[in-house]
Amino acid sequence: MIQVLLVTICLAVFPYQGSSIILESGNIDDYEVVYPRKVTALPKGAVQQKYEDTMQYEFKVNEEPVVLHLEKNKGLFSKDYSETHYSPDGREITTYPPVEDHCYYHGRIQNDADSTASISACNGLKGHFKLQGETYFIEPLKLPDSEAHAVFKYENVEKEDEAPKMCGVTETNWESDEPIKKLSQIMIPPEQQRYIELVIVADHRMYTKYDGDKTEISSKIYETANNLNEIYRHLKIHVVLIGLEMWSSGELSKVTLSADETLDSFGEWRERDLLQRKRHDNAQLLTGMIFNEKIEGRAYKESMCDPKRSVGIVRDHRTRPHLVANRMAHELGHNLGFHHDGDSCTCGANSCIMSATVSNEPSSRFSDCSLFQYSSDIIHNPFTSRCLYNEPSKTDIVSPSVCGNYYMEVGEDCDCGPPANCQNPCCDAATCRLTPGSQCADGLCCDQCRFMKKGTICRIARGDDLDDYCNGISAGCPRNPFHA
């Protein structure tokens, strides 16, 4: 059994609030200064990890005490995660860096069921958390010989440009004659967990913008992927970072002022080059290019799993990885088949993931329209989900298993999240074991905690291919042995 480490950090609020300061996130108009003080309660003889599996932070926001629970995002990297860059003469250089003891976390606020958190603990505490419906950011002040951090709201960040930005996908607004249920009434069915094995590519313009600092680029992409993973976990989609590319010697596909041309060329490169040497489900290009017509991103619609079209492009923002993650989540949503939100769509926040106009305000929520479309349509589409069931082996997701993180790992029968959030009657959230009498908790061949009858169609054929059928003895949907 894994020995869970309890780490308590008290953040003492500095006796004044700052009026203005320049941080990594930009110029901050108003902020609180806090000092993380770390107290570790380790069993006698235990060896402390560099980055603990579980941490707890206690601090005050607006003079109100909060308790922030953090858990290392063990599903962030695949076991065969690789990074590729290129020598000045264009030679491909691929490495397999150790990523087991990484420093990226997800979390929640105690006694706030709607709270979320995405934090990097690599060099101080950096990231964001949602408390009582409002998003706060924490970031080191980077003062000499000081552990001071700033806590601030996004509304206090000076904006580069207030003009609205656009997604390049058009003619895809939400339309439905069916009434949309309230957010609390829309349930994501307890189907089989889906996995998107993702490669993120930094183009040469982005590489140059960061002065060729590979460490900084990879850290930004790790942080982006951690945020992206946190956004999609609520749909039971596990985004696994399987590879990172840096086009260090020059662009490997056309990157122009036209988002459409850039997307087409990147898709062709992915099919011709990347797929031939790296297995993955989807690739996203992060670019330093500023596209025409204030376009921030572009993706093919309903294209997940397609060799050429399962791609998206997103403009990089050096100081705001949370916004990059929101925009990448948006384009990835189009790949899955999501429409843009209409005027009547809502998510309980000022901005939703699939809003047509790209907001400067970060959001981690899909709207009621998106959730309805996902639960009634996308989740059942065999064309855009066929590659998402080939889950990485439980041993392919690095680090030991932890019950309650939504990912079924070695030694678990199921994992429906923390007991307070679990809505699966087949799974005991406290133990990650099946409830008494249950044969299964999710899967295409699991219905009301029981295996579906042998011969039940679980995946409809595409084109001239064959349907897949349940075998009556497992929850998964086995591949038809007579497939072409």
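From the backbone N, Cα and C atoms, a Cβ is placed for every residue, glycine too.
Database features, via Swiss-Prot:
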ACT_SITE  Glu331  active site
BINDING   Glu197, Asp281, Cys387, Asn390  Ca(2+) 1 binding site
BINDING   His330, His334, His340  Zn(2+) binding site
BINDING   Val402, Asn405, Glu409, Glu412, Asp415  Ca(2+) 2 binding site
DISULFID  Cys305-Cys387  disulfide bond
DISULFID  Cys345-Cys369  disulfide bond
DISULFID  Cys347-Cys352  disulfide bond
DISULFID  Cys403-Cys422  disulfide bond
DISULFID  Cys414-Cys432  disulfide bond
DISULFID  Cys416-Cys427  disulfide bond
DISULFID  Cys426-Cys449  disulfide bond
DISULFID  Cys440-Cys446  disulfide bond
DISULFID  Cys445-Cys470  disulfide bond
DISULFID  Cys458-Cys477  disulfide bond
DOMAIN    194-392  domain 'Peptidase M12B'
DOMAIN    400-484  domain 'Disintegrin'
MOD_RES   Gln192  pyrrolidone carboxylic acid
SIGNAL    1-20  signal peptide
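Swiss-Prot feature annotations superimposed on the structure.
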| residue | record | CB count, 10 Å |
| --- | --- | --- |
| Asp281 | Ca(2+) 1 binding site | 21 |
| Cys305 | disulfide bond | 19 |
| Cys347 | disulfide bond | 21 |
| Cys352 | disulfide bond | 23 |
| Cys403 | disulfide bond | 22 |
| Cys426 | disulfide bond | 21 |
| Cys427 | disulfide bond | 26 |
| Cys432 | disulfide bond | 23 |
| Cys440 | disulfide bond | 23 |
| Cys449 | disulfide bond | 19 |
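All protein chains shown were included, and the count of other CB atoms within 10 Å of the CB of Cys369 (disulfide bond) stands at 25. In sequence order, Cys369 are the recorded positions from Asp281, Cys369, Asn405, Cys416, Cys426, Cys440 with a C-alpha within 10 Å of the C-alpha of His340 (Zn(2+) binding site). Between the CA atoms of Cys403 (disulfide bond) and Cys416 (disulfide bond) there is a gap of 9 Å, rounded to the nearest whole number.
Classification of Cys369 (disulfide bond) by DSSP places it within a helix.
Summarised by DSSP class, the composition of the domain 'Disintegrin' (400-484) is 0 helix, 13 strand, 72 coil.
Closest by Cα distance to Cys445 (disulfide bond), from the recorded positions Glu197, Glu331, Val402, Asp415, is Asp415. Taken residue by residue with DSSP, Cys305 (disulfide bond) is part of neither helix nor strand, so it is coil. For the pair Cys345 (disulfide bond) and Glu412 (Ca(2+) 2 binding site), the Cα-Cα distance reads 37 Å.
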